[in-house]
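Q: Here you go, one structure.
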Amino acid sequence: MCSGNQTSQNQTASTDFTLTGLFAESKHAALLYTVTFLLFLMALTGNALLILLIHSEPRLHTPMYFFISQLALMDLMYLCVTVPKMLVGQVTGDDTISPSGCGIQMFFYLTLAGAEVFLLAAMAYDRYAAVCRPLHYPLLMNQRVCQLLVSACWVLGMVDGLLLTPITMSFPFCQSRKILSFFCETPALLKLSCSDVSLYKTLMYLCCILMLLAPIMVISSSYTLILHLIHRMNSAAGHRKALATCSSHMIIVLLLFGASFYTYMLPSSYHTAEQDMMVSAFYTIFTPVLNPLIYSLRNKDVTRALRSMMQSRMNQEK
């Protein structure tokens, strides 16, 4: 009986993957772990607070802030899908993940990545409607339209996850099962396959082009029209207001699309596994930290709502 159980456990262990993690073979693993843990807490707190502010402050019940709250929710889920497993594994010494766990992690990651790309396109269209079509804005971006746009973003993201995850996990992995990443990322996992994945890589490349092309076209068109309108404005105050409205969103767009292009569209010969891991860490850990800061520190409405919430809490304690 014991021998049978041990054999079963060994077979299970042999099918598990090993995640490299950010701290592998580092002389400063403790320092890196502490910094990562603090960034994780900052991102959780910042995004949760942003969602709470938007939902509790009536002045923030607008389409723009509705989309920002969805972006914050996606960032929270990004963090919870990838980072806790790495942090716990570093403490317990268990860096393994089962094939089913790997597939689940990959599905949620791809779903969130796809949904966020389309959400940024929806946010760009919202900024276009606000700046270029102010009189029609209440009709163009009413509550039903906003809910439909967000639902479409989630559905399209799920389609991405449902298409790529089963195919990736169906390949035989007969080389080393050590994934050179801190989570189950498609490019890192494909490097472990002993079968020919060149056709699938081409299909994945085309899928990424289609997934990024439509949002890029919407974002580019929206900001081209916005910049054209700004150029025609005679008011300096109008210039500043229009640019302030769009600048925060453009920063997030450049961060996310730059990282996505590097990871999924640049040929693997142009970057190493270590560089891939750093880029992955940037947009799964650092970007969720930056998003609340970009949207709060640069936004008077959010800072005003935060001060109002803090004052009301202090008055309640008195």
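Cβ coordinates come from backbone N, Cα and C, glycine included.
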Q: Tell me if VAL88 and ARG304 end up on the same side of the membrane in Swiss-Prot.
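A: Topo match: no.
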Q: So which of 63-84, 106-125, 145-163, 278-297 has the most C-beta pairs under 8 Å when paired with the transmembrane segment (201-224)?
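A: By Cβ pairs under 8 Å, 106-125 leads among 63-84, 106-125, 145-163, 278-297.
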Q: Is the transmembrane segment (145-163) packed against any residues at least 6 beyond its ends, judged by a Cβ distance under 8 Å, and which are they?
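A: That would be 63, 66-67, 70, 106-119, 122, 125-126, 207, 211.
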Q: Which residues, given as numbers and ranges, are at least 6 beyond the ends of the topological domain 'Cytoplasmic' (126-144) yet have a Cβ under 8 Å from it?
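A: Tertiary neighbours of the topological domain 'Cytoplasmic' (126-144) are 63-64, 67, 221-223, 225-226, 229-230, 242, 245-246, 249.
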Q: Restricting to the same chain and to residues at least six past its boundaries, which positions have a Cβ under 8 Å from a Cβ of the transmembrane segment (278-297)?
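A: Same-chain residues near the transmembrane segment (278-297) but 6 or more away: 22, 36, 39-40, 42-43, 46-47, 49-50, 68, 71-72, 75-76, 78-79, 82-83, 181-183, 185, 248, 251-252, 255-256, 259-260, 262-263, 271, 303, 306.
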